[in-house]
Amino acid sequence: MKYSKLLLLLVSVVQALDVPRKPHAPTGEGSKRLTFNETVVKQAITPTSRSVQWLSGAEDGSYVYAAEDGSLTIENIVTNESRTLIPADKIPTGKEAFNYWIHPDLSSVLWASNHTKQYRHSFFADYYVQDVESLKSVPLMPDQEGDIQYAQWSPVGNTIAFVRENDLYVWDNGTVTRITDDGGPDMFHGVPDWIYEEEILGDRYALWFSPDGEYLAYLSFNETGVPTYTVQYYMDNQEIAPAYPWELKIRYPKVSQTNPTVTLSLLNIASKEVKQAPIDAFESTDLIIGEVAWLTDTHTTVAAKAFNRVQDQQKVVAVDTASNKATVISDRDGTDGWLDNLLSMKYIGPIKPSDKDAYYIDISDHSGWAHLYLFPVSGGEPIPLTKGDWEVTSILSIDQERQLVYYLSTQHHSTERHLYSVSYSTFAVTPLVDDTVAAYWSASFSANSGYYILTYGGPDVPYQELYTTNSTKPLRTITDNAKVLEQIKDYALPNITYFELPLPSGETLNVMQRLPPGFSPDKKYPILFTPYGGPGAQEVTKRWQALNFKAYVASDSELEYVTWTVDNRGTGFKGRKFRSAVTRQLGLLEAEDQIYAAQQAANIPWIDADHIGIWGWSFGGYLTSKVLEKDSGAFTLGVITAPVSDWRFYDSMYTERYMKTLSTNEEGYETSAVRKTDGFKNVEGGFLIQHGTGDDNVHFQNSAALVDLLMGDGVSPEKLHSQWFTDSDHGISYHGGGVFLYKQLARKLYQEKNRQTQVLMHQWTKKDLEE
C-alpha cells in the first residue's frame, strides 16, 4: 500500500540501548570509503524512524498503524494488546489507498486515494468514508474524479468538512451541503492559494473546527488582481516532447505586486449560517492572516493572528462567535526586523478554578529571545514561562490535567535541542533528557500527554524509546538502528566537529566541519563551503548528518575536500538581534560572514588556500552569487544552484518580510540584487550555474537573467558554465536530473582540486574582443 506503514512496536521491555550513543558523530571503525553510488544514487546507510498516529478517542496511549499484512490495527502501548480495525482485504480502493484518518470515536475511517500532487504540501484525491462495524464504504462525493483538495473529520459528531474546486462543503452522515458557491481560479475557500501554502500556513488546509465541533472557522483568499506567472513544461512527462510546451499559470505575487486578500468566516455547522469575522486590524490590502486558533473549550472565541504586509506589525484579534464582535487582545511592534509566524497558539483555559481569566500559550521573541508566554484571552500583559539567552523552538504537547507544557529549546547550545516541561502554575522547569550532553532530541506525545516516543536525532546514530511521563526510564526501545551501527563499522567516515568562529563585531558564527577520513595535518586539503544562510534558517545542528554528497566529497580519495557549513548572521536560534541584522539588506552581511570564514580557513596550515570552493542551493545559491560578486579573492570556485538573483523576481510575502517594500527600500533592493560582474570574471576556477526550467518557486527567470548579465558584461566561457534541467522543479530530480547534478558538481570539484595556478587560456580571454 502507498500509505506509510507504521510497524508494530517492539513488545519486549528494555531499560537501555545495547549500544550507548556518544556526544559526537561516528567516524566508523573500518577502512572503506563512501562511494558516489552509496551516497547519491542510493543512500545505502540511512537510519530509520517510526511514527504513530496517536488516537484521541481511545484510552491514552493507543495508536493506529498499518500492519505488515496491510490491515489497520490499533494497539495500546500500556497493555500491549492489539486489534484489527480494518482488514487488509476490506480497505476501499486497495493498493491505491494513499492515506487515512480515524474518526475520533473510532467508528469510521476517512480514506484518500487516487492522489495527484499539486504544490509543496497540497494534493488532489478521491475520498471514501468507511464504517468500521459494517466495513462498508461510500465516496465522499458520488461524482468525485480525484479532485477533492482537502477533507477533515470534526472532533465531535459524524461530520466532515471538505473542499472541492475551491468551494467548501460539509458532509453530515452522508448528506452533503455546499457552503460556498463562488470558488474558482481566483477564489479559494478553506484551502490556501500558492503563496499562503508556501510562505504563511505551510500546509494544505485553511479550516479549523471548534473543539466541540459546532463551528468551523475558515479562510478565504481572493486572488483577483494578483499577477500570473507562467511556467513552461517542455516534456510534460512524455517520452517525446510535444510541439508546444504545456503551460502552468500560477497566481504569483512578486515584490510590490497585488497580494491575495484574505477573510475569516465562521460557519455554524447545525444551521449552515456563515458570518464573516471583522478582522480589520489592518487594511484589507495590507492584511496577512498567519494563524487561526480556537481560544475556548467549546466554540465561544476564535482568534486570528494578523500581520501587516511586511510582517513587522502583529495583532491577535479575538472574535466572539455569538456577537461576531472582534477585539485586539495582543499587539506587537517588530519594526527592528520582522515577526515570524510560528503557528504556536495553544488554549489552556483558567489556571486556577477561581481565575476569571482564561489563557493561551504562545511563543514570542519580544525579549530578544523566543520564549513561552501565558497570554490572557481577554487581553493584557503576557506572563513569561521561560527566559534566558536561548530560545524555545517548538511546543510539543500541553497536559492540561497536570498543567505542563512540553517543549524543545536551545538552552544548552543553539545547535542542539533538549526536551523540557514547564509548569504553567508553578513555573518549574524540568528536563526530560540529560541537557548537559550535546544532542538533538524530539518527541511525539500521546493524545493526553501520558506517553511519548522520545527520538534521539544525533549527532550519533538516531534511536527511539517509549516513555511514560511519570518515569525517566524507558518502557521499551522502538527503533535502535542496529543495522546502521553494524554497517558503519566497516567504514572510515568523515570526522564531523563543531566550533564557534568569532567575528570582529563580537558575534560568533556556528561552524560544522567535516575532515576527510585518514586526515593528516601534514597534508594540504581543498575546502568546500556549503551554506544555506537564509533568514531564520539553521544548517549547523548536532543532528545525525546524512551520509550524502557532502560526506562523499570528503571521502572520495580523488577529492578529499574539507567541508565547512557556516551559519552566518541572519540565521536562526541565536536571538532576535542576530537574525534581524539582515533586515532590508539581504546578501550583505551573509556574504561578508562567508568570506570572513574563508579567509580564516585559508590561514590554517592544512587548508589549500588556492582551492576554496563554495556551493549553495536556493538561498544558498543566491548567497554564493553574492559572495562571488564581492570579488574578495577568498574563493576560487563557485557552484550556484537554483538561485534568486534579484529579489524583485521572488514572491512578495517572503521577500517583503525581510526587505520591506520596493517603494520604501529601493536602494536595498538594488544592493541586494546581483549586479556586479568583476568578481565572476576574477574567480580563478570559474563557476557553474544550475537551475530547473520547471521551478515554480524560484523561477528559472533568476538564472536566465543572471547568465545574461554575465555574458553581456564579457565574462569568459572559461569562467562561466551553466546547466539547465528540463522541467525540473526547485528540487531538480526530473528525468535523472538529481544524479546528473551531483556528478557535474563532483566533476567541478575534481577539476578545481587539480587546477594549476597558471591556467592555459584561449586567446579570446587574453585580450579584449574587438567590435
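Glycine too: its Cβ is placed from the backbone N, Cα and C atoms.
Positions annotated as active site, charge relay system by Swiss-Prot: S618, D695, H730. The annotation N-linked glycosylation site is assigned in Swiss-Prot to N37, N80, N114, N173, N222, N470, N495. The annotation signal peptide is assigned in Swiss-Prot to 1-16 on the grounds of sequence analysis.
Cβ-based neighbour count (10 Å, all protein chains) for H730 (active site, charge relay system) stands at 18. Each of the recorded positions N80, S618 was assessed for Cβ neighbours inside 10 Å, and the highest tally belongs to S618. According to DSSP, N37 (N-linked glycosylation site) is assigned to a helical segment. For the glycosylation sites N173, N495, the largest tally of other C-beta atoms within 10 A is found at N495. Sequence-distant contacts of N470 (N-linked glycosylation site), defined as residues of its own chain at least six apart whose C-beta falls under 8 angstroms from its C-beta, comprise G450. N173 (N-linked glycosylation site) sits 23 Å from N114 (N-linked glycosylation site), counting Cα to Cα. Under the three-state DSSP scheme, N114 (N-linked glycosylation site) falls in the strand class. Most other Cβ atoms within 10 A: among the recorded positions N37, N114, N222, D695, that distinction falls to D695.
Under DSSP, N222 (N-linked glycosylation site) is assigned to a strand (E or B) in the three-state scheme. In terms of Cα spacing, the recorded positions N80, N114, N222, N495, S618, H730 that come within 10 Å of D695 (active site, charge relay system) are H730.
Across the fold, the C-alpha of N80 (N-linked glycosylation site) and the C-alpha of S618 (active site, charge relay system) stand 46 Å from each other.
Considering only the recorded positions N37, N114, N222, N495, H730, S618 (active site, charge relay system) has H730 as its nearest partner by CA-CA distance. Taken residue by residue with DSSP, N495 (N-linked glycosylation site) is part of a strand.
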